[in-house]
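Data first, discussion second: the structure below is written as structure tokens.
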């Protein structure tokens, strides 16, 4: 229901992964109900059916790139909108039961992506340990806790949860790795503009029009709307047909963004609005407002609209 | 007074020139009061001061180009707007008193521009006649009528007026030459859109912005507003400073033109609106409506605006 | 060695998958040595180290999208170039040992992506069979052949190879699904232009330049080079930093493509050329030549270059 | 003859006007033969026929704008090129015979444009004097010298020439008014680049192509070539057909200008090169070199061309 803050949250599970850690940075979620989902489609369906108010799912990772399944799920089915983004550092830790020492580790449970990202550290400090693939970072911690493995590569959140202790932190080869999650809800009025917002869109271009993508970017550029990200996903029809996901600067409530959206609506085969929401800094740091380019602020838009009104009425001065 | 059709017309004189001929194609002017002015500035001042309701002045000639003085007078002083354009062929005739034959012509009165444009004909048919420069086409006819010269190069309108007869017509080297006149009034609501209108503007660009003129053209192009003419005039400040006169397709009442105008208002140092009016065919032939490009009609604009409204209210479907 | 056709091929294994099927459409590979690799990185390293002459790896799938690992491997390390693309339909079949009938199937081995894409068929025809996840389409066929499972979802190539017979074909929910593979070699002169070629690039834009991606697309558009695909991949540095993969129409040997590439070289932070090669039709059908846009053919470029030469030498005519 | 400095100069006469004053700022002209021509066409024909080596004619005035006749004469007939521009201030003086005082002036000879530009001064200092129209600034001075008029409004150059003395200087209402003259020669290698050059062009666009003028400006902008002036002139065919005169930054010998010119050659109906020559400061002050935008210098062009050569030969590094 628009205006009512969400209380029932679903997130990409299992428990004790980065997704849960990200969800806990949202105060309403910390106080509310948090349910893990087995997959992104399951999480989104849960919101679509009204079983949950909002779903937190991964959107983009600085190492692995776009999360294709989230895109694919968003362009089909009932519309959902992003109301918030959460960016958290991907800081892997090596955790084990309290009695374990580094020297005593023979086996390590890890999700394949996690062990791949920690390859250099493992080679340097535990060259002889056997790495066992498990299905999630949470499963790795659970296995170490249960004594199935000597240690686990996992998210910081799992340490306390499974009664483990941290043998080493920041063991990733990419110290600045981060993941961007989005909180999805059923449609409602977007959050208030903050002066540093993102507007996310999915656009289908007219494939028989030469330069259609250039035309899309020009509609944005001419209104001073900056494109911060573009991803393509196949539409499934046939090779060479894509839907493009755009992240733009600004908020749908702003004049320049509103005019650019209308331009896209007119020239694209289809546009799906995926939300306007505050740009998040790493780990929840609020981002500073960024003023729009000269001539493109809301007062500039208001002035131009008033002027046009005078022209149309014949009131020149 | 807006809404009241003009009855008192002023035009660039003297009498019996192409300007008067053009004015007579306007029914209200044919019925109304027609006063010649000695110059374009005088004609415009007459409207500004309320002594006349509308002024017909030359705007462009297919041989001589833009009429700089009209531009210069329009960008300074109280705003005036174009409410109509009249395009007439510049068909020079050779006229003489009834008794005169071609063979008997020794001297011909002509405005220098007129004799220049008829050089080939004169060389072919009257190689030995002396051409005497006079101040206007009307003065040429008057001189021939008074017996000062054997013949005159003049506008068709002057024949009957001065009791002359036509010895040859279409004697110009440029058979398709035409002049475009504009009818200027004090500001008021523009004429109704016809589906084939012109919007005229004067724009001052920001000279310290690289590519400023390209930006202006892009504001138009992105809304499918076609530029049919561009002229530059010095601002008088210093060499290299220009004001640009643009003729665009469409009417200020249309969505695409309105949005383009707002864009110019925001990025230009200044914009002066000079009117939206029906595009005239040669000699008063009405022009056929031209549909706007795909996605840029008023219904497309209305659809996009309604969609944006839904997005802003959170009503996605 | 440039000019010497490759004889030793490596491909993304295991055997009997779509990659091997794609490789067999290349005559030289059919006659040559074909070795499966365990991963895309292994396949590429094999070519980089000279153990193989060319590697066939997946590039794009009409359902799953870009193959991120291939992109990531191409932008790091020694340069490799695409010399050929192969597009094959992804037509899953249900295969079993000769004695098996549809009615007798209790268990089906399948790669998770394969069973996902055949969900509708399975629900309609084998709603009670248990689907067992295996690591590849080839492993599924091998398992069915060995009697571990009653049937397998696999590529057509696996039927004969494993002595199976086909119980049903075209069982995918996406009848037009296709995968695009690329053949990668060590750098050498590109294949001859055919009149319908693709040029693939990786470009790093200057992130502190507003509209940098628009500038990239404009460099292409102004030379009539059409963009047929754009993919972004994170650079790994930090969130919001991407490398873009572009597929363009035309061949590096053409004037318009050469000029566009030079433009990108000048404005981008970096450009890696990934090859110019014939555009492939589905299943090896040759594509028809497509003439360049007016004014952008090689003769047009030659004419303009000759004209410029005359201008510079002062030979105007 | 290319390479041989001109010695025989023709200029728009009569003597003792701003054109002669401008010509005298050119050392070779000061030493050479200087002949006044009765008109711009006569001056150009004199060079075309080989009777003179170079012609100095007006190109643009900061008050009156473009000099249409010079444009018109340049686009027809044998090509001529601009090899130099001269910008001089239009500083009118009031001159009279030595015995005359301001108080004794009853009649003033002046070219109509000159008296128009000095209206405020005349009203303030000589409200009762009669202004007599004459055909040139030189004729005004000659008339005053001969005693036909009490004084003349003329160019400073005329004072000494006609034995007059200066009663007042800088009497123009536009103290910064300036005129730009160009020196035209038969085609030959352009002057050496100086780092601050102008390239002048006449371009005919394809009128049936929407956005043709935008395309022209984009060809320039994409190569960082700035447009400093654009003028349109009717082609004479019919209303709405123009030839555009462009002044761009840079020299035909530069990579970016050369590439932009080739682009125009390919997309325009026709292009006439009118010369590359040093940008002149007011009164002959040399202008400072202006570095090309990032990525668009000649070394950047050379680097990109060398890189493309390596790509085409298959030499990637």
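The backbone N, Cα and C atoms fix where each Cβ goes, glycine too.
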Notebook entry, point to check: Of B:260-280, B:281-301, which range does TrEMBL call region 'Disordered'?
Noted result: B:281-301
Margin query: I'd like the Cβ neighbour count for residue B:179 (site 'Essential for prephenate dehydratase activity'), meaning other Cβ atoms within 10 Å of its Cβ, all protein chains included.
Written below: 22
Notebook entry, point to check: Helix, strand, coil residue numbers for the domain 'ACT' (B:201-278) per DSSP?
Noted result: 23 helix, 29 strand, 26 coil
Margin query: Taking only the residues in the domain 'Prephenate dehydratase' (B:8-186), give me the average pLDDT of this model.
Written below: 93
Margin query: Based on DSSP, tally up the residues of the region 'Disordered' (B:281-301) by helix, strand and coil.
Written below: 4 helix, 2 strand, 15 coil
